[in-house]
Amino acid sequence: MRAQPEQENKNTTRPQRGTAGVSHSQGRERHSFTKSLASAARPPRLLLTSPPARQTPAVGAAARTGQDQGGGACPFRPPDPLRRGPYNSKTPMMATTAYIDDSCSEVIDPPKTEVLDVAELPGDHTQHPPKPNVVVSSSVRELLECPVCLSAMYPPIHQCSNGHTLCSGCKPRVHNRCPTCRHELGNIRCLALEKVAASLEVPCKYQSFGCSGIYPYYSKLKHESQCQYRPYSCPYAGSECTVAGDIPYLVNHLKDDHKVDMHNGCTFNHRYVKPNPHEVENATWMLTVFSCFGQYFCLHFEAFQLGMSRVYITFLRFMGDDTEAKNYSYSLEVGGTGRKMIWQGVPRSIRDSHRKVRDSYDGLIIQRNMALFFSGGDRKELKLRVTGRIWKEQ
């Protein structure tokens, strides 16, 4: 009867298939013991933090683990992970200082580089693409110079089969022959040179007179036609004078070359006497220069044909730009035998030719019969007294 329980115990303690020969409770105890041994053998992980100060490029992540990777070039010892903190505490000390070895010649982990504008670095010899518009040099200016008229060329620019160029205005003058090699020109345009000219910027040709502007090549002509520094033409209308220059130069030119009367003051009183007024039709008679307010003014007296009538006109021109001329006003008075005519207006700039001012009738106009009536006598001699004054607008 006692042998049966022993058999039952043997049956209950028989290990099942697929086990290691231990019970479940014994397996759990052995697993926890093994896990504790592994955690004790493994060093605690450290959180390496970098200080907020500036880092040295020679130190990187790979340099901090140089011995682990077998790199003997950088003799760097990492901190002991089991190093105790202060007061013999069991808490490992956190590494807060970057370890730098200046003897390491290789930069393994460089820091992030800043994007710099290479144009601001001194001594930079890197070639960069040119800007869309560049200031023209003397050599390029010579390429854009017509060999015939020596003026700047504008589209269409013609060329021969050998590549010699000339402007379109001079092509008919050379009878379709290249002035350089005498080959036939044909109708070949130099489109490459035209495109090069479109990308250039050139100074104004009146740079010597004070203009310091730089303008696109194809816009230079428009600017020069309106440039405030462009020279003034000679205001003397009796002869087709081609002299041009600034105001002081023209004043001396009028006095020395044209023998014009010069007066100082803002009022004038002149008497024009002509023995035979019929012989001076359509001719300029008189030009007088007045100096006042630090400026110069030209008083014109001219005879011309207005429709079917012969008339006289007198007007005042300002030796300067139109914007300055609008700061002044003048009055003219013509009379005789107890009668008079009065005109008041703004002086015109000498930028406008005397013919343009005359044809606009911007002045005191007197018909010849009335002028002879003012002269008195038998009307065979012109005797006109013209008075006036100039004042500055406030």
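Backbone N, Cα and C atoms are what each Cβ position is placed from, and that goes for glycine too.
Feature annotations, reproduced from TrEMBL:
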COMPBIAS  1-11  compositional bias 'Basic and acidic residues'
COMPBIAS  36-48  compositional bias 'Low complexity'
DOMAIN    146-182  domain 'RING-type'
DOMAIN    199-259  domain 'SIAH-type'
REGION    1-88  region 'Disordered'
Secondary structure composition of the domain 'RING-type' (146-182) [DSSP: H/G/I, E/B, coil]: 3 helix, 6 strand, 28 coil
Mean per-residue pLDDT computed across the domain 'SIAH-type' (199-259): 89
